[in-house]
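Look at Swiss-Prot and you will find 78-172 tagged as DNA-binding region, backed by sequence analysis. Annotated compositional bias 'Polar residues' per Swiss-Prot: 1-14, in sequence order. According to Swiss-Prot, the feature compositional bias 'Low complexity' maps to 287-296. Per Swiss-Prot, the feature region 'Disordered' maps to 1-74, 274-304.
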Amino acid sequence: MTLGTEMSDNSLLSEDTDIDVVGDMGAKDGKYSDYHSDNDSDDNVARTPRGDPASPDLSSGSESNQRAEKSPKNALVKPPYSYIALITMSILQSPKKRLTLSEICEFISNRFPYYREKFPAWQNSIRHNLSLNDCFVKIPREPGNPGKGNYWTLDPESADMFDNGSFLRRRKRFKRQQSNEILRDPSSFMPAAFGYGPYGYNYGLQLHNYQQHPGATFSFQPSHCPLPPPASVFSSPTLSPFLGNELSRKSLYSQLSPTLPILHTLKPDAQSRPSFSIDNIIGGSGSTPSPTSPYTAQPGTHPPVIAMLSPSLAPMHNHLNLAHENLLPPGQNFSSKITNLNSCHF
């Protein structure tokens, strides 16, 4: 039978095929050489995985070369300090605790390579921080010290500006404190040599102290008018000689005050002045004006001085003359009426 022959052939094949149970075949072929038992300690040390070639790493070498080339550029890192801290460091390290702008920039450039490469791009920032912060005070250069630029120093009250002396942290913005007396009196900022007030020349001029008189009506005194020359005032030929001589020795304007009389009493010469007599006694006690009064001028004539000083006084002078003419007849005066009394003996 054909079936029997096939079965016989399969049996022959099965006898020739050997099954590896222990695993020696796998060890010989090399498929499971990586797997080993725990008891075989010698094989663990000696065996190495196959297919791992011991070739040098070329990629790691190229990366190390690139890092070496970039190392100088990475060293120029901006320092973690503000401009105020940099300026403070430069001033504190100086012997006199003051530096100019160029000296401050020189210190920063020598200390930090980053700013050395970036110079002078940051110089204006240093200048602005010096002028805008109250913790820095400008000191003018002495006349005998030649050079360019002013000195800069630290305000004594800004010593605790940084937290625990570390330049990395600043507590708060420093503001210069001013006393109340300085704020009340702005002129204290000005030197004593300048007498023009706190806002400079020709503004707020200091006036002289004025003492008010107790009898004055107003708190100010009116300015005196300039006096005209006597020759221009007394140029009229109708004025009597004694009147011109007397007025030329006196001031025409005393003070423009309503409490003073309009005109001073004129003094006649010694020749025309009567001696001690009844005329003086009656003239001082009576209601009629005395002969020495300015209103006893000749009727019909107007003194040019009164008309010149005030035109409003001329009608009043005419009224006084009319009243005087009504009392006495023309051509006579008061002294002629009492001439007979001088001969009487009492």
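Indices start at 1 and increase along the chain as displayed.
Backbone N, Cα and C define each Cβ position, glycine as well.
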For a three-state summary based on DSSP, what are the helix, strand and coil counts in the DNA-binding region (78-172)? 43 helix, 11 strand, 41 coil
For the DNA-binding region (78-172), the mean pLDDT of the predicted model: 88
